[in-house]
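Shown next, in structure tokens, is the structure this report addresses.
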Amino acid sequence: MSIVVKNNIHWVGQRDWEVRDFHGTEYKTLRGSSYNSYLIREEKNVLIDTVDHKFSREFVQNLRNEIDLADIDYIVINHAEEDHAGALTELMAQIPDTPIYCTANAIDSINGHHHHPEWNFNVVKTGDTLDIGNGKQLIFVETPMLHWPDSMMTYLTGDAVLFSNDAFGQHYCDEHLFNDEVDQTELFEQCQRYYANILTPFSRLVTPKITEILGFNLPVDMIATSHGVVWRDNPTQIVELYLKWAADYQEDRITIFYDTMSNNTRMMADAIAQGIAETDPRVAVKIFNVARSDKNEILTNVFRSKGVLVGTSTMNNVMMPKIAGLVEEMTGLRFRNKRASAFGSHGWSGGAVDRLSTRLQDAGFEMSLSLKAKWRPDQDALELCREHGREIARQWALAPLPQSTVNTVVKEETSATTKSDLGPRMQCSVCQWIYDPAKGEPMQDVAPGTPWSEVPDNFLCPECSLGKDVFDELASEAK
């Protein structure tokens, strides 16, 4: 099935509702994706890109229903990755002499995937044009490392459509093709997720390349991406967002993520978050357990944040494997203008937190002091964690803190959360995890200061996932 994009331009791509992993398992496509291919019918017929290789036969069959394959005059490959040019082998088997227009680097990539050096390659550079009749031309713009060396964009004069390749796209599948037809909140989230996880390493290239394209002084009525929606309603809105995101982007937000073996590091994370919120209630704080969270959501939140706190238990004197892997990914993403602090618990011997601090510094973060706890933190240790959070809030504040929070918030919370007001702490009889009403359970939206009697019935123990019925009053507090 084809969709009219504009005039003689048709979408002939493929929706992929089921895909959940991209780039191996490095990117979770929780809302599917699409592989956008475009057929332009003027005096010359042009195909821009193909689809993912797993849809090769289906793509060629559908394309046959649109046009006699022998009538395709030119093929333009903006990017040689398999989700763009994957169907080339199947297509070229039918029309082996059709000229392929691409960058010089793309020839190496295409041959590396398809192994057909005999194909009719035509190298294009920035500013080169191709006349397709009816007074229209294709103008080519090289965009190396956005996000492969072979990448380029193609602009169609007359219709003023920019075929933008991966830039301005998103892994987002919907029966509707255009940006004004889909849920705007979902669309924004997927655009930001895509930029944060794929294009962040190349942010330094984004602004000059966009400036170069704008320097052509060409009107842009539509931006036709390689994945997700076609931007037809105010298409330059996504360009403005890219310029914003490329400028060492940060919000007044702190992300905390951790891994834990015995819940000790998790207790530290909660206490640190409480300290931050006490001192700077303006800052948004998000906590993630890496073992139970979507990795790409964590990285998107790091991208949005002014700083990140990373926690790990110590195992064999080093950090937990999932933390090590995620820090390695952050190193590759090359975040800028962000601060970091490491924390974690250990038993008879430490090592993980120091190692983690070094890795975060190597990843380009401006480091603050780290925090360690031995074994399960007691109330004194948790107060140190809260104080660490308060100090982080002060150090990382983007504006002067409200004086009331600096002077009185700790005293006010102490008086408001006495045991007589909130009732006893409760202990899970299975795993021994303790619910403290003064701290609540932020991961399940149970606010600090919530007595056990007011905790929702669907509450689950964060450690063993059993319900409220397995909890007993803590023995030391039972009367």
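Placed from the backbone N, Cα and C atoms, the Cβ positions cover glycine too.
Feature list (source: Swiss-Prot):
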- H79, E81, H147, D166: Fe cation 1 binding site (BINDING)
- 260-264, 342-369: FMN binding site (BINDING)
- C428, C431, C461, C464: Fe cation 3 binding site (BINDING)
- 254-393: domain 'Flavodoxin-like' (DOMAIN)
- 423-474: domain 'Rubredoxin-like' (DOMAIN)
- 30-210: region 'Zinc metallo-hydrolase' (REGION)
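Feature map: Swiss-Prot annotations on the structure.
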residue	record	DSSP (3 states)
E81	Fe cation 1 binding site	coil
A342	FMN binding site	strand
G347	FMN binding site	coil
S357	FMN binding site	helix
D362	FMN binding site	helix
M367	FMN binding site	strand
C428	Fe cation 3 binding site	strand
C461	Fe cation 3 binding site	coil
Number of Cβ atoms other than its own within 10 Å, given for A342 (FMN binding site): 29
Densest Cβ neighbourhood among H79, H147 (binding-site residues), 10 Å radius: H79
For C464 (Fe cation 3 binding site), the number of other Cβ atoms found within 10 Å of its own Cβ: 14
Residue from H79, H147, C431, C461, C464 whose C-alpha is spatially nearest that of G347 (FMN binding site), among the binding-site residues: C431
Binding-site residues listed as E81, D166, D362, least Cβ neighbours within 10 Å: D362
Same chain, 6+ residues apart, C-beta under 8 Å of the C-beta of M367 (FMN binding site), given in sequence order: R339, A340, S341, S357, L360, Q361
Rounded Cα-Cα span from H147 (Fe cation 1 binding site) to C464 (Fe cation 3 binding site), Å: 42
When distances run from the Cα of H79 (Fe cation 1 binding site) to each of the binding-site residues A342, A352, D362, C431, C461, the nearest one: D362
Listed binding-site residues (T260, S357), ranked by Cβ neighbours within 10 Å, top entry: T260
Those binding-site residues listed as A352, C428, C431, and which of them has the most Cβ atoms within 10 Å of its own Cβ: A352
Cβ-centroid neighbours of Fe cation 1 site H79, E81, H147, D166, 8 Å, sequence order: N78, D83, H84, L146, W148, S151, N165, S226
Three-state secondary structure, which DSSP defines for A352 (FMN binding site): helix
Chain-mates of C428, C431, C461, C464 with C-beta within 8 Å of site centroid, Fe cation 3: S429, V430, Q432, W433, P462, E463, S465, L466, V470
Chain-internal residues near C461 (Fe cation 3 binding site), provided their CB is under 8 angstroms and they sit 6+ positions away: C428, V430, C431, W433, G467, V470, F471
C-alpha spacing of D166 (Fe cation 1 binding site) relative to A352 (FMN binding site), in angstrom: 38
Local Cβ density at G347 (FMN binding site) - other Cβ atoms counted within 10 Å: 14
